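**Student:** Below you'll find the structure I mean.
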Amino acid sequence: MKTIFYIALGGGLGSVLRYLTTLVINKYVQTTFPYATFVTNIAGCLLIGLFFGYLEKQNAVSPYLKFFLITGLCGGYTTFSAFSNENIQLLQSNQILIAFLYISLSVFLGLMATWTGLIIAKEL
């Protein structure tokens, strides 16, 4: 039960952070490309790399911190469902190039961000 509490707490915080990130990005960037979800997901990948890399080095850290940060916070912050829905909308509106770029950049940069986070965390 304690594990579920920490996941829920992190997930709630991550969801609020995603909402705030979306508000800020949409305030300054208005275009067909879904920048808010894109930036959120790439930032979430960097965070999960940082958290996982850091926690991997720490033996005395509570396992609940891992549930809070990785499963909860990062899980609540990033959003694969919005990514999928936005790509379907782009394809349905015949914006195939933008959908292709969004998918390709999200996967490539997401992997690079996670890897970068792991490297940074291991150097700390």
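Including glycine, each Cβ sits where the backbone N, Cα and C put it.
OK, Swiss-Prot features for this one:
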type     : residues     : note
BINDING  : GLY75, THR78 : Na(+) binding site
TRANSMEM : 4-24         : transmembrane segment
TRANSMEM : 35-55        : transmembrane segment
TRANSMEM : 63-83        : transmembrane segment
TRANSMEM : 96-116       : transmembrane segment
**Student:** Just counting, how many other CB atoms are there within 10 A of the CB of GLY75 (Na(+) binding site)?
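**Tutor:** GLY75 (Na(+) binding site): 19 neighbouring Cβ atoms within 10 Å.
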**Student:** Take the C-beta pairs under 8 A between the transmembrane segment (63-83) and each of 4-24, 35-55, 96-116. Which stretch has the highest count?
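**Tutor:** Per the Cβ count, the answer is 4-24.
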**Student:** Near the transmembrane segment (4-24), which same-chain residues lie under 8 Å Cβ to Cβ, leaving out any that are not at least 6 residues past its ends?
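**Tutor:** Same-chain contacts beyond the flanks: 36-37, 39-40, 43-44, 64-65, 67-69, 71-79.
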**Student:** Let me know how many other Cβ atoms fall within 10 Å of the Cβ of THR78 (Na(+) binding site).
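**Tutor:** Around THR78 (Na(+) binding site), other Cβ atoms within 10 Å: 22.
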